[in-house]
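Okay, structure first, notes after.
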Amino acid sequence: MRRDDNWFTEVLEEEGMAFSLRVREKLHEERTAFQHIEVYETEAWGRLLVIDGCVMLTSRDNFVYHEMMSHPALFTHPDPRRVAIIGGGDCGMLREVLKHPGIESVVQVDIDAGVTRAAERYFPELTEANDDPRATLLFDDGVAWIQDQPAGSLDVVIVDSTDPVGVAEGLFGPGFLGQVYRVLGDQGLMVQQSESPILHRDTILERLHGHMRGSGFAPVVTLPYPVVSYPSGWWSATLASKGPHPAAFRESDARAKAFATLYYNADIHRAALAAPEFCKGLLTDQ
């Protein structure tokens, strides 16, 4: 919702809080079969993508989210080659994954082509890798797609979803997580956006950890990171592994990476493994 014609405001009624950005104009609005998509030009945060009234990304700070949802997992796997992205319609995750030269194939499965079309038009910097021959973009149900994949056929699965309501709710459940475990190889990992440790520790995060462990994953580790435009300003990615621990990542490769990042590096990777006292035993899997 907007407080007036010059502001976009996301209100979190249950948390008693709101986040606002001053906007210059609305660039795009459409209602697809799945969700309500809006794009704004803001005064200070570049362009703003909103889905169903919730901030999805801004030009100014999306790099933190996309880098922390991709590179920690890819540098934890010993040799990632086959990757699937479930969701990720803005294609920023696809761009980050394809920076890794060893990647042979990435399949991105998002249910709503409208998000990708909006990103191509208004966030071209995020979609610059869409024509990479290693990339396949599908517009389908990610839960159903995972069920159809052969056992052991993927190295890393990244679940870049909206909040766990509506079309994304099934991506947080034990049925889907069990299927992800099945399609991953022996050293496979999945990473899931897991909301705010401040706002959702006792609801979404605790439940997600339980479902992941119940599906066979160990270790399960949550990496927190800042995203100013998201509720509370503090977000997280949860890595669930069939073997490798994020603390034993390929640190020398991360330090010698041949591609540019704006947030992620080997020191950030290691620092993200440190959990505050109120989250120890949950975020650290100890």
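Using the three backbone atoms N, Cα and C, a Cβ is placed for every residue, glycine included.
According to Swiss-Prot, the feature domain 'PABS' maps to 5-242, an assignment based on sequence analysis.
In sequence order, Val109, Ile111 are the residues of the chain that are 6 or more apart from Asp141 (S-methyl-5'-thioadenosine binding site) and have a CB within less than 8 Å of its CB. Taken from Swiss-Prot, the feature S-methyl-5'-thioadenosine binding site applies to Gln35, Asp110, Asp141, Gly142, supported by sequence analysis.
DSSP assigns Asp160 (spermidine binding site) to a strand segment in the three-state reduction. Marked as spermidine binding site by Swiss-Prot: His66, Asp90, Asp160, Ser161, Thr162, Asp163.
Positions annotated as active site, proton acceptor by Swiss-Prot: Asp160. Listed in sequence order, Met69, Ile85, Ile86, Gly87, Gly88, Met93, Gln193 are the same-chain residues six or more apart from Asp160 (spermidine binding site) with CB atoms under 8 A from its CB.
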Checklist outcome for this item: Rounded Cα distance, in Å, between Asp110 (S-methyl-5'-thioadenosine binding site) and Ser161 (spermidine binding site) is 9
Checklist entry - Per-residue pLDDT averaged over the domain 'PABS' (5-242) comes to what? => result 95
Item to check | Cα separation, Gly142 (S-methyl-5'-thioadenosine binding site) to His66 (spermidine binding site) (Å, whole number) | outcome: 19
